[in-house]
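Structure record follows, encoded as structure tokens.
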């Protein structure tokens, strides 16, 4: 019976995800075969996510009616893609001279609707053989709203395949009540030698994404990784070696001499360092979700690098949903294993909290945006079947796979340890908590948490800007405007990274000689670093299609290393201040990167976009908040796991009486 239930779940899984990757078109045509032109959506130029059905404006269809209805995928429905047949008669290799396909007499309401659309620079999107075309509804001339009424399609073909398409608009007329609008179109076929595999190169801009500044930013981040690894290695080899020598000398002293000696440092909290933190249920759930998101990010970036996902509508989102659901056991395994090792007992509650945390947040945000979409009547309204499919994925795929991972994690954790609570700790935990001494402001948990996120944020700053430009702004209208000072600024940023890392090493060397860590000019160095990164950011001005997933994979790797190294340093400073509350602090040290990202997203919204309206604003900040929460879980989990390994290593090699 159990075997058949698993077969049933696998069947549902295949049904739900099969349509996400199915391809109904062969892209091979015979001469005279009909080519379908799909009309997608129309919306304000500055509000890319505020889209409406194309025929909500007073446009009209052609005379062709015998085209089957398009069946959208799950990812397309979630992205608000709403395709409708244009009705235009377009046939392979058959040119069409200027032809009228409909005419319309504008009412006062329709004229007002068109004028409003032209004032707000409405743009529309179409698809022909999976190739995107964009155009504008009209333009303002001398205070008058002019509507483009003629569409000219130039289609490139190579043998029996379409390899390119472009759209031109002309014949403007003034929009006014009672005006008669005559819509026309023409089609020109042009033979081309462009290979079919390279037909999407038209939409890409290698001069922008693969520019020297982009490479310099990656080089800067690599320098940061190298110096952080050197920094952490120095702490592990030199600092700890001196600590071990000092502690061994103290162990050889008589009791009276030891009491009179100056005892300080991380060894003093050996009886409390492995004390379970508060809120282990929430803590383990966040760690499990963070590792899950890390694995999904790496796999999706790798798959996007191997395959050209940008060529398919909703390809990246479909892959994210598929990989997230398929690798749900990672969440259950890490979360359940962490919960067990921290002494948790209510593992069923942890299972539900860990597996439903991210999906619940997505559902809450989606329902809120869906309510606004219903009010504004946009194409972002989620159909009932789409919501049902998402619910089925959560219940029949994500939750059972999390259960499998939780069971495995609890069994593996129990087998490794020597007790029912999981792996044995290197030091015993005292029954009475040790009082935490007063410390300087820069060694307090809140300060350490925010300091720990500065360098990870710097390592992803440039790539985050590029991704925002490619995903949150229109990518077909504006051309690249390059600031030549960017190259010199990139060298300045590179030098700033060297300064930052060199300064960090000086701080550690200074720290070796003093029991209290002090800093006088770190603020200036960090500000200089961020200013250089900001100036590099301002040298880019483009709305592009993001496709360089190799950079993404590299930046994720850099982020993992930088977050792990910076969190280890922060944990060492915290323990040396004799504060044993390192579990949550290590998590927040990594997660604070997301705080800087969200602050930057506010700046980006206010100064780098012209978004307006309640719907677009709510959409932007809601999904940016979810993105930052997911990023915070990811970086926090990396920070905790790195700090956990570091703490167990140093306390397992020191002599404890």
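For all residues, glycine too, the Cβ spot is worked out from N, Cα and C.
Residues or ranges marked as signal peptide in TrEMBL: 1-22.
The feature transmembrane segment is assigned by TrEMBL to 215-237 (among others).
What TrEMBL records for 290-310 (among others) is transmembrane segment.
Within the chain carrying the transmembrane segment (316-335), a Cβ under 8 angstroms from the stretch's Cβ atoms is held by residues 13, 17, 20-21, 73-75, 78-79, 284-285, 287-289, 291-292, 295-296, 299-300, 303-304, 309-310, 350-351, 354-355, 393, 397-398, 401-409, 412, 637, all 6 or more beyond its ends. According to TrEMBL, the transmembrane segment annotation covers 316-335 (among others).
The annotation transmembrane segment is assigned in TrEMBL to 347-369 (among others). Sequence-distant neighbours of the transmembrane segment (347-369) (same chain, 6+ residues past either end, Cβ-Cβ under 8 Å): 78, 281-282, 284-286, 288-289, 292-293, 328, 331-332, 335-336, 339-340, 380, 382, 390, 394, 398-399, 402-403, 406, 410, 615, 618-619, 622-623, 625-626, 629-630.
Outside the transmembrane segment (381-404), and at least 6 residues removed from its termini, the chain residues within Cβ reach (under 8 Å) are 9, 12-13, 16, 74, 77-78, 321, 324-326, 328-329, 331-332, 351-352, 354-356, 359, 363, 366, 370, 373-374. What TrEMBL records for 381-404 (among others) is transmembrane segment.
Taken from TrEMBL, the feature transmembrane segment applies to 446-468 (among others).
Positions annotated as transmembrane segment by TrEMBL: 488-512 (among others).
Taken from TrEMBL, the feature transmembrane segment covers 524-543 (among others).
Summarising the annotation, TrEMBL assigns transmembrane segment to 549-575 (among others).
Per TrEMBL, transmembrane segment is recorded for 587-606 (among others).
Sequence annotations record features per position, and here TrEMBL assigns transmembrane segment to 618-641 (among others). Tertiary neighbourhood of the transmembrane segment (618-641): same-chain residues 49-50, 286-291, 293-294, 297, 334, 358, 361-362, 365, 368-369, 372, 380, 452-453, 456, 472, 559-560, 563-564, 566-567, 583, 586-595, 597-598, 601, 605, 611, selected by CB-CB distance under 8 Å and a gap of 6+ residues from either end.
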